[in-house]
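Listed in TrEMBL for this protein:
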- A:A43, A:G44, A:A45, A:G46, A:S47, A:G48, A:K49, A:T50: ATP binding site (BINDING)
- A:22-343: domain 'UvrD-like helicase ATP-binding' (DOMAIN)
- A:344-620: domain 'UvrD-like helicase C-terminal' (DOMAIN)
Amino acid sequence: MNNTTTDQIIGIRKNVLKKEFSRMNDRQQEAVFSVNGPLLILAGAGSGKTTVLVNRIANIIRYGNAYKSENISNDLSEEDLSAANRYLSAGEPLPFQVKCHFAAEPCRPWQILAITFTNKAAGELKNRLNSMLGEEGDDIWASTFHSTCARMLRRDGDKLGYSNHFTIYDTDDSRRMMKECQKSLGIDDKILSFKSILSAISRAKDSMIQPKEYLQQAGSDNRLGLIAQAYKLYQAKLKEADAMDFDDLICNTVCLLQQHPDVLEYYQNKFRYIMVDEYQDTNHAQYLLVKLLAQKSTNLCVVGDDDQSIYKFRGATIENILNFERTFPNAKVIRLEQNYRSTKNILNAANAVIENNTERKGKTLWTDNPAGEKIGVHTAFSEQDEADYIAKKILESVAVGRKFADHAILYRMNSQSNILEKIFIKSGIPYRIIGGLRFYERKEIRDMIAYLSVINNPNDEIRLRRIINQPKRSIGDKTIAQATEIAATLGESVFDIIKNADQYEPLKRTAPKLLQFAATMQELIDAANDENTSLNELYHLILDKTDYIGSLKASENDDAQDRIDNINELASNLIKYEEDNGEEASLSGFLEEVSLLTDIDNFDANSDSVVMMTIHSAKGLEFPVVFLPGFEDGIFPGIQAIYNPAEIEEERRLAYVAITRAKEELFIVNAESRMIFGSTSRNKPSRFIEEIPEELVARSRTREWKKPAPGMALPTSAFEARVVTTESARSFGPSNLIHSEPPKVQFQVGDGVMHKTFGTGLILSVSPMGNDTLLEIAFEKAGTKKLMANFARLQKI
DNA sequence: GCACCTATCTTTTTT
DNA sequence: AGATAGGTGC
């Protein structure tokens, strides 16, 4: 190092680093290299924030703080420097050694914590880290708030009085639990609903208010007093059941860290770098959690976009991001304003809409992308016509070479998917619905999960109740109530009481049934404890012993087969879980994974079908062509938001998210009249449409009155059958593409065909597209339709 | 204890 | 319109 000065070395090192991350723009690089101290990245939609996060983590692991540090490694040799210079000038690969020698205070993967909101975001982050860093990437804690907390609580939850295999209650479990509480406190649901109590409790937990404090704060307020009682009882019951709800995961972790300095210190030392994605969606408790963990290192990087804050209803406070600079002194702020996703027209429309909000940090996205098509704004007659229009547009678009999967339909509320679904079935457009009735929310799945939960944790009273008479065992509410009461008086668990049912007078009559149930469960518990029983075997043992499927078949329910399919689907999930986790696989592990899983996590872009979901679910995703139906005042913005300026702003942010999902084409649709709650209403076009400059818009409307959806007038049994197939297929799983094994029949113009719904018809035109064929068919009764050959289930005649 | 009927409510959005 | 919870009658 004789001839080279320190400054020169630092210069070379900076250039090497710059080159290593040269795929990033200047702002992004700045974010990647700003490693130490608090950092707020205001990342607009489509500005490449995940790329920045991934590269920032890679930089931290490989180089640490080298870009900003003035220190030079002692290991650095002349040889290293000339290698670096060759790398800079001739593009020769940089030896690993040199990378190491250039690093300053690098960090190990397991010292990094990256928190996201959805499993999907976490999964994507993990994937990209893995492809950038290889196996090293696996050791990074990249997960959601909830699973991060669950992990910490499994380790140290005993300090709060929970076991390490505690159950995670979802919304439905919480509801059942709260109904119990209402009953025992004599609270009439009409006067104080379980819903409002639960949301009050949720807010309390967000603010880290314990039942005791809640009661104090309630003062003489009757309503709040009742809520406080319910809160107290609810928490007591949860603890007794060794269970936590979603909010508990967060606030119990905060409690754990606040009350146990040793635990706090452990994690503060462990995590040298912390990153939080979607920071605008954090609530107060999550903010506290992050603050606690990052207090010591202060190496906290949060990424967010105040314009995309759409979870206020869930307790997210936009103040977290607006106040970041105040809370974390010396915070650096970096704005990422270049959008790589959308065309100029789409981006300008989004900018124009969001500008009408007053509560903003303020930023304007720009792009180098071409102007692209104008934004289609279409006015339809009815919601049917709206769906018809979208179907037609998609078929046109596929006809000129796009894939079905390039199209997404994003709506305000789940119920909007119904008509679309019907029209798509009719037109033979393959689609998938994300959200709505979720796989894990189906009765039969919940029942199976409940069995597994009780086996895992017999104290789980709520789930024990769920299955005690499912399938029917002639154990009624009264018996259960009595058993519960006895359990409460004796301070034992309900399961223990049932096991000895014959010893209690009030249970005498049903004792044999109870004993039999208890014996079955005990057998299953023993099987679960046996090392040699795999989860899959256990699952089939449950099905065997309970004859769940048998009773389903006996019920003669129309959807019995669907339900059986779902039950088998859960089995394949179990097998997959076991395969993925090998030795680590455990019943409680599976249950945890399941309870934190949502549908969007299973969104698989590989199958070629149109995607439908709510705008909320679509956050973080992008699609070449986006349709936004229901842009009407009263739908979007929703009726409840119209007279509330703050809520209008939230709705507008939602509109902003919706618009910015589109890469190339955007169609906004409204209907002049539509059915809501079974009655027809006429809505004005959404105010958000008016906020888009007219020069960006191409308007159209359905002119002549079309007979409302001819296909719908044919309620044949075949049509109904299709709907049922669709229902089961939309759930989730390895292939939740709506498909039937495509009959690969070749069609020609002039062929006569038979369609299940439309009857007989004649093929007018055949246009191959991708790996499918668009057919135009004149049906004898149903008129002329365009159908995709592979999905239409046509038979030649 | 169970099946069937009716009344009521829903539609915000999710971990 | 459709689902679901709760009540009534067997």
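Backbone N, Cα and C atoms are what each Cβ position is placed from, and that goes for glycine too.
All annotation found in TrEMBL is predicted automatically rather than curated by experts.
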Those binding-site residues listed as A:A43, A:A45, and which of them has the most Cβ atoms within 10 Å of its own Cβ: A:A43
C-beta crowding around A:G48 (ATP binding site), within 10 angstroms: 22
Taken over the domain 'UvrD-like helicase ATP-binding' (A:22-343), the model's mean pLDDT: 90
Number of Cβ atoms other than its own within 10 Å, given for A:K49 (ATP binding site): 22
A:S47, A:T50 as binding-site residues, winner by CB count within 10 A: A:S47
Most Cβ neighbours inside 10 Å, all chains, among the binding-site residues A:G44, A:G46: A:G44
Residues flanking the ATP site, with Cβ no more than 8 Å from the Cβ centroid of A:A43, A:G44, A:A45, A:G46, A:S47, A:G48, A:K49, A:T50 and excluding those residues themselves: A:V52, A:D305, A:L336, A:N339, A:Y340, A:R341
